[in-house]
Structure formats: C-alpha cells, structure tokens
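Below is one structure; the comments refer to it alone.
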Amino acid sequence: MNVRVLTGIKPSGTPHLGNYVGAIRPTVRASRESGIDSYLFLADYHALISTHDPARVQRSTLEIAATWIACGLDPERVTFYRQSDIPEIPELTWLLACVCGKGLLNRAHAYKAAVDKNTAEGRDPDDGVTMGLFMYPVLMAADILMFNAHRVPVGRDQIQHIEMARDLASSFNHLYGPHFTLPEAVIDEQVATLPGLDGRKMSKSYDNVIPLFAPREQLRRLIMGIVTDSRAPGEPKATDGSAVFQLYQAFATAEETAAFARDFAAGIAWSEAKERLFERIDREIAPMRATYDELMAHPARVEAMLRAGAAKARAEATPFMARLRAAVGLRPLDTLATMVTAMGTATSWGTATASTAPAKAAPPVFKQYREADGRFYFKLTDAKGHVLLQSTGFDSPKDAGQAVARLKAEGWAACADLHGAVTAAAEADKIEAALARLR
Ligand code: TYM
C-alpha cells in the first residue's frame, strides 16, 4: 500500500513564504515520489473561523489553489480538492466530536491563547471565542482521518493538532474497531517556524507576512524592511534569532547557509545580507510567478481542477463514511431483522453490532442484552442461531460493547485476555470464521 500524505492550507489571506516553506514545498516534493498518494486541499471551512469576509475567502481560495499548481503540483497525479466540496468531512467531524473529551480541546494552544489573553485583559475567558475556534482541532482531525493519511507535513505550530487527531482516531478505534490510521506529523527539521517581517512567526494574524508571489520589486522592499538589531557594518552579527538568517536558511543549501553564517561572523552589513536574501528567495520563486499570474487571470480553470479533485476525493470518502456510519450504529433499520431474536426473560437494551448485510445473507450476529441480574451480556450466534460465544456479565454496556468491538477487530485468538469473560465457546475455528465474516 502506498504511503498517504495529506495537508491543507486555510484560504484566509494571501499565501506567504511560511506556508510555502512549511507546507507547500515539502508536500509538492513528496507528491512526485513513487509510492506516495498525496491529498492536498484548501481548508475553507477552517478559514471561516478567522475571517468573516466572504470576498476574502473566495479570493484567497483562488490564490492558494493557484499557488499549489504554480509550485508544481500535478492535479492529475494527486487528489487536490476544496474541503467544503466534501460533505463527508463535516459529517465525520460530528462523529469525532462525540468521542472527543471537552478537556482535550480546552488544552488546544490556539484556544488557550485566546483564553489567556482575555483573562490577562480582565475580560470573560471565552470572550470572542467561537465554537468554530474551539472545535478547530476536531475538524482538522476529520480532514486527516477521512483519507486515513499516514503523514501530515505541516509547520511546527500544527504538531498539537496532529497529536489530537491521533487521540481521536484511537478513541474511535477503541470503541468501534480499527477504522482509522494514526497519522504522524512531518516537520522539516531544517526549517522550523519561519519568522515574519517583525521576527515573530510569519502569520496572517500578525500582519507580518511576505506574500509568496509578491512582484519582484515588492519582494525586495519587504525584505529590506525586516527588523534587525542595530549592529553596524563590520560588527559581527549573531545568526541565532536573526530573521534574515532563518529566512535565508529556509531557501539555501547547507553550503550556502554555512557561507552566510561566516559572513555574519565577519560583520556583513544588514543591507547586504538582505540583498543576498532577496536574490536567493527570488531565484526560487521567480520561475513559478508566471504560472501563478496566468491562473489568477483564469479562475474557471482552477474551479474545474477543484471540482475534478472533489469527485476523486468523494469516490473514497462516500463509501468510507458509509462504513463509519454503520460502525457507530447509524444503520438502515431493515437490517434489524437479522439481529432481533427471542431473548427469553432478557431485557433488550440495544441492537446488536452485526454487519449491515441484508437478511438473506444471514451473517453471524452479536447480541448484546441485559439480564434480570442487572448485568450486561453478549453472545455471538451463527446464521442458524447456534451460540458460538456466550459472555459472563459485564458491569456496564460500554464494557460489553468494547469487548465485542475488540473481538470483531482482532479475532478470538488475539483476545486471550477476554477468554475468561466467556462461559461457553464453540470451536475456535468456527468463532474465527464468524468474526472474520463480520469484519
Ligand atoms: P495555515 O493556512 O495556517 O498554514 C498552512 C501551513 O503552513 C504552515 N505555516 C508555517 N510554516 C512555517 N513557518 C510559518 N511561519 C508558517 N505559517 C504557516 C502551517 O504550519 C501549515 O502547515 N490548520 C492548518 C490547515 C489545515 C490542515 C488540515 C493542515 C486544516 N486541516 C489537515 C494539515 C492537515 C493551518 O493552520 O493552515
């Protein structure tokens, strides 16, 4: 199976060098390797959290889509789409929200930063915090888990979000079986977080960005405006903490960077250092500018690419979502015919966790029920109703459900620790065959 690489960018402003270095460039490179399936998208639902300006969202969507293509993305080779064209993503967001502890989201950096700022300024802690901001990590987890991505190339600021996606995937898998791959963040160690004009992280929210496709003269002007210390020409300069140096490093080879560091130690003038930085960045960006400008002048072409990408993405998302819906119990009611059988004096407390196959296929069935002793049981029966497994009583329906989910996911032999919770069992191979069939 190919490695699945997925990443997204919010269309909430003009793409900048930080987006390019942190996400676009590594992802485009990876998308050209063999054995990689890439999923790249415009996170426009996420953009609605930070901007309420419809024209800006639309314009930025075009700019970021054109950027991906200008930076070398081949939409035929990858799956390139707009988040809001995939209705399965918000649907999955809800399923994940239902297994997500509120405490997990309370610890999200962006939410905590908003709360801390409000508190420091004497306002209500949640002043101005929308549910969109609070739920941001859940929507992002849905983006990633929808396509079972293995790797997610992002800037350092996003690591916590990927960890949360892993947490949500584990919680869901634990409850409903192994549906999701646990994703990993991929960070370009050399780059870390790219600083902006004022030395803080380059970010639309700090208004300190260098637009990726700024015309050449504007690019030079912006670079000349980067904040530095006041050391004069001839005075040695520290590379640590220098935005000029960090930006250079993100574009240059190791040898070029080492030479630049030597020039810092030898007291290069800031104006010359900035000129070198400008030339180095422009050398990489200039060849892509023409494609960008061409696409910006023809939005219909970009729209057609995104629609084709959405169709490709939904060909996977729609059947996967159907499987997830069935897993959580959002199932057609006619499948109940295969599950409900007489239970004597038992009190039925829920439907079985059987597959959603039609009745005529007569699959094996797990039945979960509550006995008069108040405890929760399950049994596995074959197509003819013969009992293959009968459990002892569990304290809660959740415990019984988790045992069933594990048996379904892992098989009988792999769940040796559950054998003690079973009072009757048919031959192991019959049980394994039934469980395999349910899977
Ligand atoms: P966004 O649009 O804020 O940033 C897009 C990507 O650019 C990286 N980045 C940076 N990298 C280095 N230095 C910087 N100064 C800098 N600024 C931004 C970000 O780390 C990010 O990788 N939440 C995401 C969008 C998203 C997403 C996803 C990403 C939504 N769903 C699923 C991956 C997987 C974001 O902040 O985008």
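Using the three backbone atoms N, Cα and C, a Cβ is placed for every residue, glycine included.
The ATP binding site annotation in TrEMBL covers K10, P11, S12, G18, N19, G155, R156, D157, L194, K201, M202, S203, K204, S205. The L-tryptophan binding site annotation in TrEMBL covers D143. Residues or ranges marked as motif ''HIGH' region' in TrEMBL: 11-19. Among the features that TrEMBL reports, motif ''KMSKS' region' is placed at 201-205.
Projection of TrEMBL feature records onto the structure.
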| residue | record | DSSP class |
| --- | --- | --- |
| K10 | ATP binding site | coil |
| N19 | ATP binding site | helix |
| D143 | L-tryptophan binding site | helix |
| R156 | ATP binding site | helix |
| L194 | ATP binding site | coil |
| M202 | ATP binding site | coil |
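Only K10, L194 of the binding-site residues listed as K10, S12, R156, L194, K204 bring a Cβ under 6 Å of any atom of ligand 1; the order follows the sequence. Taking the C-alpha positions, the distance from M202 (ATP binding site) to D143 (L-tryptophan binding site) comes to 24 Å. Taking only the Cα positions, the spacing between D143 (L-tryptophan binding site) and K10 (ATP binding site) is 12 angstrom. Across the annotated binding residues for ATP (K10, P11, S12, G18, N19, G155, R156, D157, L194, K201, M202, S203, K204, S205), the two most widely spaced Cα atoms sit 19 Å apart. It is N19 that, of the binding-site residues S12, N19, has its Cβ surrounded by the most other Cβ atoms within 10 Å. Cβ neighbour counts within 10 Å, taken over all protein chains shown, single out K10 as the most crowded of the binding-site residues K10, R156.
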